[in-house]
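What follows is a set of notes on a single structure, which appears directly below.
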Amino acid sequence: MLPELLLARVLHPRAVICSFAIPGDPGDTCDTLSDRWGITIDIFKSLNPGVNCPNLVANMEYCVAGTVSPDTPSTTTTAKPTMTPTSTPTKTTTTSTATTTRAMTTTISSDAPSPTQPGLAKDCDKFHLVVSGDNCYSIQTKYGISTDQFKAWNPYINAECSNLWADYYVCVHVPGATISTSMPMPTPSGPQPQMPGIVSNCRKFHLIQAGDNCYTINQAVGITLAQFRSWNKNVNADCSNIWLGYYVCIGV
């Protein structure tokens, strides 16, 4: 009897098939990386067996989505279903684009279309399918909703709106919400493509190059940050959401 009991405790090592990995940044910990990707510490550890939490090694790749075979008795071959994160990282650079594509699945209810971005309002009753080229400004304008409403109904979308997923649904209405009459977006004048939110009377444009930031642009053309942001209304306060290869306004 004892040999059989001992045999029942023999476990296979965990096997991980990683489908998406990212390099750690300087100062990253298991907690910060897990939080950025919306996964639990336990899932992160299971996807990265042998990881030495809490500290991570900068520039070493860590798995954040994949399939994990659990520790199982030697007599079974059952595996866990695929684990997928529920969020995208909030870190952005000037090379970010308006939409990204992730091979992940998340839904909020059986009545909602699928797939949806994570964290949508549970009482959402109207959805928008994100397509390439969409951004928060264009979606909000189309449905006549405010930035505060959009962020409240889609809390996992970050402040820079750089983590919209193409081909996923976002929430654009909840019961009782007050919205303004949506208006067709005017066709922008000037060179293309442009950052969203450029004023209609813009006369001078600048193409964002690698290494550009608001300070270097403003210094080069002799304008203030207040002027720059008044002409480029979708650029946030810390200027972390300008897009490489897009035009911004530098004069009216």
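Any Cβ shown, glycine's included, is placed from N, Cα and C.
What Swiss-Prot annotates here:
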DOMAIN    20-64  domain 'LysM 1'
REGION    71-98  region 'Disordered'
COMPBIAS  72-98  compositional bias 'Low complexity'
DOMAIN    126-172  domain 'LysM 2'
DOMAIN    204-250  domain 'LysM 3'
(request) Restricting attention to the domain 'LysM 3' (204-250), give the mean pLDDT. (result) 89
(message) Please count the residues of the domain 'LysM 2' (126-172) that DSSP assigns to helix (H, G, I), strand (E, B) and coil.
(response) 15 helix, 10 strand, 22 coil
